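Structure first, commentary second.
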Amino acid sequence: MSSIESLSIQGIRSFGTYADDLQSIKFSSPVTLILGENGCGKTTVVECLKYALTGECPPGSDRGKSFVHDPKIFGLNEVLAQIKMQVRDRRGAQVSICRTMKVSKKRNKMSFETMDSTINFLTGAGQSKREKQDSLSGRSVDIDVAISDFMGVSKAIINNVLFCHQEDSSWPLDESKKLKEKFDAIFGITEYNKALDKIIKLRKEAMEELKIKEANIKHVAYLKQEMEVKTLNLQKAQRKCDAIKAQCSECEEEMKPIEARLVEIRNVEFEIGKYQAQKVEMDTKHKNCKDQISTLTLKIKKPFRGTLDELDQEISNFDQRMLEMRQKRTEVEGDLSQIKRSSVAEQEKLGTQDRKHCLAKQRHQSELACRAQLLKRVKEFCRELHIPIDCDLVEQPEKMGEVLRDIEAMIITKHCEITEIVEQNEKADRSRQVKIDELRIELTKSEQSVTAQEKQRESSKRESETLGVEIKKIETSMQDLKKLEKEINEVNELYESATKNIDQQAIKDAIARKKASIAENQIQFKKLDEQLTFLGSMAKLVAECSLKQKELDKKNQEVHRVRSRHSDHFGKLFKEPITCNYRRSMQVVYEKLRREIQELNEKANTQKLKEQSYEIKRKNLISDISRMEKELKDSEELIYQKCRSTPYDDLLERSKTTISKLQFDHGALKSSEALYKKYIQKMDEEPSCPLCHHNMTSDEACDLTSELTDEIQKLPDNITRAEKALKAEQIKYENLLQLKPTILKVKELKDSLPQKKEELKKVEELLGDSVSEYETLIALIGEPTHNMELANSMMGDMSLLDEALKDSARLTKDLDLQKGQLPASYDSSVSMDDLQAEKSKVSKELETERKELESAQNAVQQQMDALNRLREKKNSLKDRQIHLREGLQSLPQLKERLEKLNSFLTTVASEISELKAKIQPLKLNLRAAIEEKERLKKSESEKLAQLNSKYNSYKSTDHDIQRLNKEAEDYAKLDLRNEIKKLDEIIMASKDKLRKLEAEISLKTDELETIKTECSNQQTVERDLKDNRELKQLEDKEAKLRESCQVLDKQLGNLDFHSVSKEKVNLTKQRDKATVRKGELLGQLGEIHSQVNKLQREIDEPRFKESLKNFRKANYEIEVTRLCIEDLGQYRLALEWALIQFHSEKMEMINRLIREYWRKIYRGNDIDYIQVKTDEVSSDASADRRKTYNYRVVQSKNYSEIEMRGRCSAGQRVLASLIIRLALAETFSSNCGVLALDEPTTNLDRANINSLCEALNCIVEERQSQSNFMLIIITHDENFVSSLGKITSYHRVFRNEECKSVIRRVEAGPSKKALIDQ
């Protein structure tokens, strides 16, 4: 059973929004009492419980805007609110529910927004976390549905029964429509009604669907028969197709060796072309190699006469010499960089020493200033403290320590004086506080005595009022007693007259007559049943005749249907009308059409073979043209890539000219270095121009020399660029030479392509004529083919028609035989249906008489019940008479108790007056003592503050002096004068070392320049050696190329190109013959394929392909639909019966509880009982209607039930609503034992309040054994609280000084109340 454990509220209505405003309440079993004044926030607790469980805002809150704390109160733009609730679900596991809301103020408009709703699963009661989940969020699931599931009750019960809002608490006496909605929601009738409507709708749809399926199955059966015929024809065509395919495979096998040999011949042709291309390439390379050899021979100044190995050795020796010179250059550069690094390091060292020297001088100045400031501060502080100084501290600095110790001793003395004053002040203050505490204790005792006396007076006063009311009631009951005796006499007279008016003998005679009439009808019913049994014995033979007749009518209809369907086709296929042997006549027509089509097909196939031969020739020509055009396009693209738009011969000549020019430029650059050096040498000897011999000034000569030197330095790069350009141009020239065969091939293709295209044009003309003639033949085949297909499609119906005619004749004969077997005594005018109708009529009369008998018996029973009720009323009146007499007997004791209470109240009033007179002087004395204590304490504090201020200034000055003394001692330890002298010596040594290093750098630089000049002079020799090596390599390459050309000539001679070409022509003729034969077979195969495809397409149509499956499926669906209709009818009846039974049982239980609670609680005598009346709405009693109910609350007055709405007082309305809610909670909330009552005493008088308390106490005692039972009562009536029995604690709701709602738990005891924070 689920229950509530705790609730936390923040930012709801008058509850504050800040963290310290959070209010919590822990609910206890069996009763949780919440007490508070009007408007302090009691009802807000119920609203929060309801909102946490259902997510619905309370009524009148403007969709939640006034439910959250108003932001206008504290001048905020938005307010966040949160409700946290911890519960135990119906399985006992702990669940935490948290709902967060926000109200924002934008442009003076308020908007409410739900921020988040979360369920957290806690562990508890032996339950693990639910399905390994920690929490559920409102973004992923419906939180309200989940909470209803956890609590074990529906949302309607939570809203309307368990946590009903005070404004909606009187809903049981609301208007009829709203009351019906509430009860339907509580019973869950709405969902069940939806299920019933769904079942009714499904049953109707199934019945309509059954009619449609029964009509459609005839068409499905016809398609199944058509499918079987077409499948047989398809299998014959496929067997013929397989035979032709085998012949085609034989042709392909004959062509395979021919094709293989043709592939080999093409490979030989490819090899010949490849060797020819290689030969052209080798010739080109050989010629280029010779040209390069001649060019290099001209460039070399000094040819090398040895071998290539000797030349490599010479180059290696030269490289060794150059390597030694480079190594020496690297060593000199390394030494120079090492010396430079040493110089830089020495300069950095000198800079570091300079910085240290400056820092030492600054510290020395700071030391002198610190010592001067220390002496000044010490002298001033000693004068302030009156400490004498006997020596000069400048000349004797060692005396400084003694002076500082004297200062420290004087400061400690001042601190001791302040401590003594503080102790004296505290002692005086404690004595004054003792006096104040004594006065306060005396005052508290007096006030507590007054409070206790007032409480005792109040309780006595309440008891006195209660006794007065009881005495008045007993005095007035004397008159009631007389009325009661009169009423008892009246009831006795009514009972006696009712007994006389009932004639039991007459009633028994009427019942006997009814029973005799029922017996006569039963005899007639039995006679009719025997007649039906006789007809039933003949029913089989009659039924067979009827079935035969129906079958005969069906066959005649089928014959008429088939004849009507094909009446137009009969006129088209037959010249004369036919009446029998339809299938045989149709087969004759079919064979005639087949022979005609076969003749036309043979002519068409002959023409098709011609067409295919032309088509093959055309495809071969197109293939050759495409291949030649592709080769032409590729060759032209290759030529374009190499030559662009320039003619090939012009480009070849231009490339050759460019190579010659580049070779000349390369040679000129190689020789220009020696020429420039010669010019420079001459200008050094005589400053004049080497060309015009013009005398130049020294500056002009120097500029020209520099310019020529720069040109010499650029020569290696210029030579490298010239060599790259020359090699690139040579490669281009070689590529152009390789392009020569492609040029020749393009010319050949351009000559042969027009011839091929002309041949293709002639073949296409012949192909067009052949296609036209073939199409004409195919068109002629169309009409007989259509007629043959029509005859073929009608063949099945003709078989059915012949079969139907035979069946019709057979059924006519069988029907005549069966009619002759019927007996002569059989009366055909008397049908079984008439007897069955008469039997039903007698059965209804029997049922009517039985109902009349039952109503008569019920009337007798009602009369007896009326007598019993009168007897019960008489007994209850006598019980009440006895109770009133007992009250009259206790009247003297009550009056005596009232007099004692009045005298006690007088005594207590005088004692309270005396105690209040003593309290005022005690308050004045206490206030005077407190003021005197505060005045003296303030004066002492001011004096002490002055002393402390002076002491703190002494302490600060002493701290500064100690700091200066510490700094002076630290400076003395550094010995700064000697440090400055050492740094001066180090700086002078570093400067001397730097001068030596600069001299070494100058020497090494000159040596490096000499080595660089020697290296540049060796480059000319290196170039000559490399040219000799390149010449040797080219000579070897030329010899190899010459050998390769000879080998290619020999290979081309070995390939017999003429015999290969002749063999290719013969094989091509053989292949063409086989292709023609294969074409003929393919033509036949195509025709058969068209038939197969046509049949396959027809079979693959959904109506034929799925015909068998659809036929079976249709039968299954019809049977299943019938069963579904029967099952849905049974399900609907079962569900409605269960609903009616559930509703009646629950309403009976609810009304029983309502009567029981009303008699316990209500103390009036005008209403005997109340109950919820259920009225069934009248509707047509069809299978597709469901029952609905209306609800109303009625009251019984003088044994007459009248509607309570509009006929009861405000108190009766409240009490009736409360009792109905109690009964509903007892009935429907078996899984949740929580019930909240908000202000249950509203509009109730004291008697009904007391009886309500007694009833609630009884409910609590009965349910106390259930640990999860919880009754939450919210009230402002403290007398109601005191009447609820043993309440050990309750929760008080009040407003604090900020007008925010606060919840405190109050322990209720006999003499004290303590507030305990939650």
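Glycine is no exception: its Cβ is also placed from the backbone N, Cα and C atoms.
Computed from a predicted structure; not experimentally measured.
What Swiss-Prot records for ARG13, ASN38, GLY39, GLY41, LYS42, THR43, THR44, VAL68, ASP70, GLN166 is ATP binding site, and it gives similarity to another entry as the kind of evidence. Taking all protein chains in view, 22 other C-beta atoms sit within 10 angstroms of the C-beta of THR44 (ATP binding site).
Long-range Cβ contacts of THR43 (Mg(2+) binding site) within its own chain (separation 6+, distance under 8 Å): HIS165, GLN166, ASP1238, GLU1239, ILE1274. THR43 (Mg(2+) binding site) carries a helical DSSP state (H, G or I). Marked as Mg(2+) binding site by Swiss-Prot on the basis of similarity to another entry: THR43, GLN166.
As annotated by Swiss-Prot, coiled coil applies to 189-256 (among others). Averaged over the coiled coil (189-256), the predicted model reaches a pLDDT of 81.
What Swiss-Prot records for 305-333 (among others) is coiled coil.
Taken from Swiss-Prot, the feature coiled coil applies to 434-641 (among others).
Among residues of the same chain six or more beyond the region 'Disordered' (447-466), those with a C-beta under 8 A of the stretch's C-beta atoms are 898, 901-902, 904-905, 908-909, 911-912, 915-916, 919, 1279, 1311. The region 'Disordered' annotation in Swiss-Prot covers 447-466.
The compositional bias 'Basic and acidic residues' annotation in Swiss-Prot covers 454-466.
Here Swiss-Prot flags 645-685 (among others) as coiled coil.
The annotation domain 'Zinc-hook' is assigned in Swiss-Prot to 645-741 on the grounds of sequence analysis.
Taken from Swiss-Prot, the feature Zn(2+) binding site covers CYS689, CYS692, and the record attributes it to sequence analysis.
Marked as coiled coil by Swiss-Prot: 713-741 (among others).
Among the features that Swiss-Prot reports, coiled coil is placed at 830-1101 (among others), with the record citing sequence analysis.
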Range from 305-333, 713-741, 830-1101 with the greatest count of C-beta pairs under 8 A to the coiled coil (189-256): 830-1101
Stretch of maximal Cβ-Cβ contact with the coiled coil (830-1101) [cut-off: under 8 Å; candidates 305-333, 434-641, 713-741]: 434-641
Distant-in-sequence Cβ neighbours of GLY39 (ATP binding site), under 8 Å, six or more positions away: SER14
Composition by DSSP (helix, strand, coil) of residues within the region 'Disordered' (447-466): 20 helix, 0 strand, 0 coil
Residue among binding-site residues ARG13, LYS42 with least C-beta crowding, 10 angstrom cut-off: ARG13
For ATP, whose listed binding residues are ARG13, ASN38, GLY39, GLY41, LYS42, THR43, THR44, VAL68, ASP70, GLN166, the greatest C-alpha pairwise distance in Å: 22
Fewest other C-beta atoms within 10 angstroms, as judged across ASP70, GLN166, which are the binding-site residues: ASP70
